[in-house]
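To start, the structure under review is shown below, and the notes come after it.
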Amino acid sequence: MAEAKTVHSPALTYFSMISLLTLCPPFVILLWYTMVHADGSVLQTWDYLKQHGVQGFIDIWPRPTAIAWKLIACYAAFEAALQLFLPGKTVEGPISPCGNRPVYKANGMQAYAVTLITYLSLWWFGIFNPAIVYDHLGEIYSALIFGSLIFCIFLYIKGHVAPSSTDSGSSGNIIIDFYWGMELYPRIGKNFDIKVFTNCRFGMMSWAVLAVTYCIKQYEENGKVADSMLVNTILMLVYVTKFFWWEAGYWNTMDIAHDRAGFYICWGCLVWVPSIYTSPGMYLVNHPVNLGTQLAIYILAAGITCIYINYDCDRQRQEFRRTNGKCLVWGKAPSKIVASYTTTSGETKSSLLLTSGWWGLSRHFHYVPEILAAFFWTVPALFGHFLPYFYVLFLTILLFDRAKRDDDRCRSKYGKYWKKYCEKVRYRIIPGIY
């Protein structure tokens, strides 16, 4: 747990926690309001708030309605059922600091296919119109904000009363425990993994569902879909498809293997992902831009290339770990550092650190194509307003912070071996620059 507190000074950590806890919920509503009701103009929303003050803000905050709760409940129950009942091969996660090894059922790709086919079929056969989701988006976000807050309180209590594994415990501070979480691998029963649900099956899945929703809404409104919306939707769907294709790899990342289940991860995936991550598409619904075939194809090709490189970085490292370094990286034997470390129980173990291929360029090179991909699926909105680019800005800050946290964690884990590794791979994210 200490890792959450060591990256920045305690004062900064507290400040960032308190500000995120208090500012993120209203920001989600302001973003939605600006995109949908204020023409995407930050200045228009600012003028409105200047005139009407706090009361004006309370007036635009939609109350969660019965239909919003119903839509969320149906979607959550559907995804939970798919997670539990769809077949999938058994996959083991990495060994945790306490020596536990979580076991998962890898059925993300199946769940993703079933979700999209079901959603599109409901629309196609006239059973349910996805435009309804867009029309009630504000109420849905409002319900998600409050519902997810209650869910995080449940996680906090569960962590105290009935933790699922020994990878849990309190820092002794209620705010830190609530924000960073109490448990690394909380489960309901033996098989229902909460973080797989919040991060993958609710959060990431909602990204694809909403991308499709925005596209359908524009079609319903205008009788056609602008090429800008198509480029945005295709790139987002390619990215989410890549995610579910590689979902078992995601279970080895910092989000799952190091960050505990608290407000930061769970509220983020339940609320921030469906609102902020999908926001470029939300903007495009009312701002159809015509790019022309040539520009649309260029943007699409650039975006798909970035998503592929991002995937290939992860694949390269995964293959390297799986074969214990006995594989080819860019056609050659990989260069590596053998790093030993001590677990919390005092055992000495060793890891291999890859220093060639994509991972020889910088320690977190895979973040570069990820940020660029986000830029390419936002750029169809062109540059009339800043707000569609908020996600790109947010992602850049998030990933740079994550790279720092990861480096700090590895430095304390590997000691002198990490120093050696950093001498070999000098740059943190951007080769030659940073």
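Keep in mind that glycine also has a Cβ here, set from the backbone N, Cα and C atoms.
Please treat TrEMBL annotations as automatic predictions, because they have not gone through curation.
Per TrEMBL, the listed range annotated as transmembrane segment is 261-279 (candidates: 204-222, 261-279). The transmembrane segment (291-311) shares more Cβ pairs under 8 Å with 228-246 than with any other stretch in the list 12-33, 140-157, 228-246, 261-279, 371-400. The transmembrane segment (228-246) is in contact with the transmembrane segment (109-128), judged by 3+ CB-CB distances under 8 Å for residue pairs 6 or more apart in sequence. Sequence-distant neighbours of the transmembrane segment (261-279) (same chain, 6+ residues past either end, Cβ-Cβ under 8 Å): 20-21, 24-25, 28, 31-32, 35, 141, 144-145, 147-149, 151-152, 155-156, 159, 177-186, 194-195, 198-199, 202-204, 206-207, 210-211, 214, 236, 255, 387-388, 390-391, 394.
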